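Chemist: Just passing along the structure, written as structure tokens.
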Amino acid sequence: MPNEIGNNSGSPVVADSGKKKWITCGILLLVNLLNYMDRYTIVGVMSRLQPFFNIDDKQKGLLQTVFIVFYMIFAPLFGYLGDRYNRKMLMLTGIVIWIMAVFASSFCENEHFYLFMLCRGIVGIGEASYSTIAPTILSDLFVGGMRSRILMMFYFAIPVGSGLGFIGGSKIALWTESWQWGVRFSPIIGIACLLLMIFFLEEPVRGSCEGARQSGDNASLWEDVKYLLSVKSFCIVTVASTAALFSIGAMSWWTPDFIKYSYGVTHKLAELPEDDKSSIDFIFGVITCCAGIVGVSIGSVVSRAWKEGKSIFRDHASEKADVYICALSMFIALPFLYCAIYFAGHSTNASLVLVFFAITSMCLNWAVNVDILMYVVVANRRATALAAQTMIGHMFGDAASPYLIGAISDGMKDDSESISSKFFALQTALYLPTFVLVLAGAFYLFATFHVEEDRMEALFQMDSADNWMHQNATDDMDALIPVNQDTEGGHEHPINPPENAETA
């Protein structure tokens, strides 16, 4: 019988008035940061990894594709289990798999590239367990404005972790003269995170912070799928985020190499020294971190102000603000990204400045996109919904794009293998993901026709009050709502639920 609530003993876990809730939140934020650090340490050590295994651009892109394929296959499984079983134990299992796979990959010999690729794929299993479950725990700890702010901090990890991965992997590989140690530093930190989760992380009751009166739900996977297909805004936003992931996945994987080629072309170099490669990785890492913090912050703050009709949005409050912000992020990023690619052959510095603004724009929607999912889907199906969106997004998005761009780049190179040949081939290939941003923005706009209706339907199904737009509400810093289990009906219900949930 599935443990419908999620703690080890089968009874509800209720955080105290603040301390345990914030400890759990801090641990989840830290592990998410490490998650993205590890994902991009490979990019930071790629200049050493590629000659070590003697691989071309297509095989280099295949590394990311294999990782994403494993990730998207196992994300739905963990999402399904995460709505029914102990979420803490599922995450711990995934992190152990991740640590072991990363360590194993660093011991592969140069003639065993496909074994290395398999290890990177297994890393995706571990990361799938965490990324599909952790946001649902945060959504059960916080609601309303506080949830939006927590998700904003949680998704800082994407650009900040990616940037630290570029920097850490590159610098450690340079200092040790070994790409292996550039890869190993993240699982070493992962062991410390694993211990923190074992001893300090506690799991809340599903939907408790919203006062949801739903059962733990023993519905089949097919019933979950039918439900998700009925939520129009979820389906449309999933298509939009898939198009965004296609572009972002290609750019995050190939931009560091593209900037290196740009530097070589503009300085008329036949070969880039390792010190210059490491410096470019460092600069790109800093740009990614800073742009990500700015972008995620602006996206979340502006979205919240727009929903509440505050600041410049006074008298113009809109419950569709989140999808508008997501659409704007795509349309704003497009010209910056196009110009960054176009001018890279003339000025590397100008290209880097434009890349900063492009990344900032693309990061506007990271936290907001997940916030949309959390309020249009009922509480006991959120992990499945996030997993489904993850699987589809990666299957048609960033699983395909790095390999596709690498294949196009290889096909356009001449036989000289010069830096200029590599640069112009990759430059042409990168125009493809740039224009896919138009599709992403268009589908986000399409979602505005359904998001309000779907949010209200989710509240109705959970028998939960709509406190989202209360202007005088305070932050939801109080204890989680204790929940009783109705043994006869199998329903969870709050003990003395508050008249007004704190949401703003």
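Each residue, glycine too, has its Cβ placed from N, Cα and C.
Annotations per TrEMBL:
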- 24-452: domain 'Major facilitator superfamily (MFS) profile' (DOMAIN)
- 483-504: region 'Disordered' (REGION)
- 22-42: transmembrane segment (TRANSMEM)
- 62-82: transmembrane segment (TRANSMEM)
- 89-107: transmembrane segment (TRANSMEM)
- 113-138: transmembrane segment (TRANSMEM)
- 150-169: transmembrane segment (TRANSMEM)
- 181-201: transmembrane segment (TRANSMEM)
- 234-254: transmembrane segment (TRANSMEM)
- 282-302: transmembrane segment (TRANSMEM)
- 323-344: transmembrane segment (TRANSMEM)
- 350-378: transmembrane segment (TRANSMEM)
- 385-405: transmembrane segment (TRANSMEM)
- 425-447: transmembrane segment (TRANSMEM)
Chemist: Most CB pairs under 8 Å with the transmembrane segment (234-254): which of 62-82, 385-405, 425-447?
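Modeler: Comparing 62-82, 385-405, 425-447 against the transmembrane segment (234-254), the winner is 385-405.
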Chemist: Averaged over the domain 'Major facilitator superfamily (MFS) profile' (24-452), what pLDDT does the prediction give?
Modeler: 87
Chemist: Given pairs 6 or more apart, does the transmembrane segment (113-138) have at least three Cβ pairs under 8 Å with the transmembrane segment (282-302)?
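Modeler: They are not in contact.
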Chemist: Cβ pairs under 8 Å with the transmembrane segment (282-302): which stretch of 22-42, 350-378, 425-447 has the most?
Modeler: 350-378
Chemist: Under 8 angstroms for C-beta pairs, at least 3 of them, ignoring pairs fewer than 6 apart in sequence. Is the transmembrane segment (22-42) in contact with the transmembrane segment (425-447) by that rule?
Modeler: no
Chemist: Could you check if the transmembrane segment (89-107) is in contact with the transmembrane segment (385-405), meaning 3+ Cβ pairs under 8 Å among residue pairs at least 6 apart in sequence?
Modeler: no
Chemist: Among 181-201, 323-344, 350-378, 385-405, which stretch has the highest count of C-beta pairs below 8 Å with the transmembrane segment (425-447)?
Modeler: 323-344
Chemist: Let me spell it out: take the transmembrane segment (323-344), skip the flanking residues so only those 6+ beyond its ends count, and list any with a Cβ under 8 Å from a Cβ in it.
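Modeler: Distant contacts of the transmembrane segment (323-344): 233, 237, 240, 244, 247, 251, 258-259, 262, 295, 299, 302-303, 306, 350-352, 354-355, 357-358, 361-365, 368-369, 372, 423, 427, 430-431, 434-435, 437-438, 440-442, 444-445, 447-448, 451.
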Chemist: Excluding the flanking five residues on each side, which residues at least 6 beyond the ends of the transmembrane segment (385-405) place their CB within less than 8 Å of a CB in that stretch?
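Modeler: Hits for the transmembrane segment (385-405): 58, 61-65, 68-69, 71-73, 75-80, 82, 128, 131-132, 135-136, 225, 228, 231, 234, 237-238, 241-250, 252-254, 370, 373, 377, 426, 429-430, 432-433.
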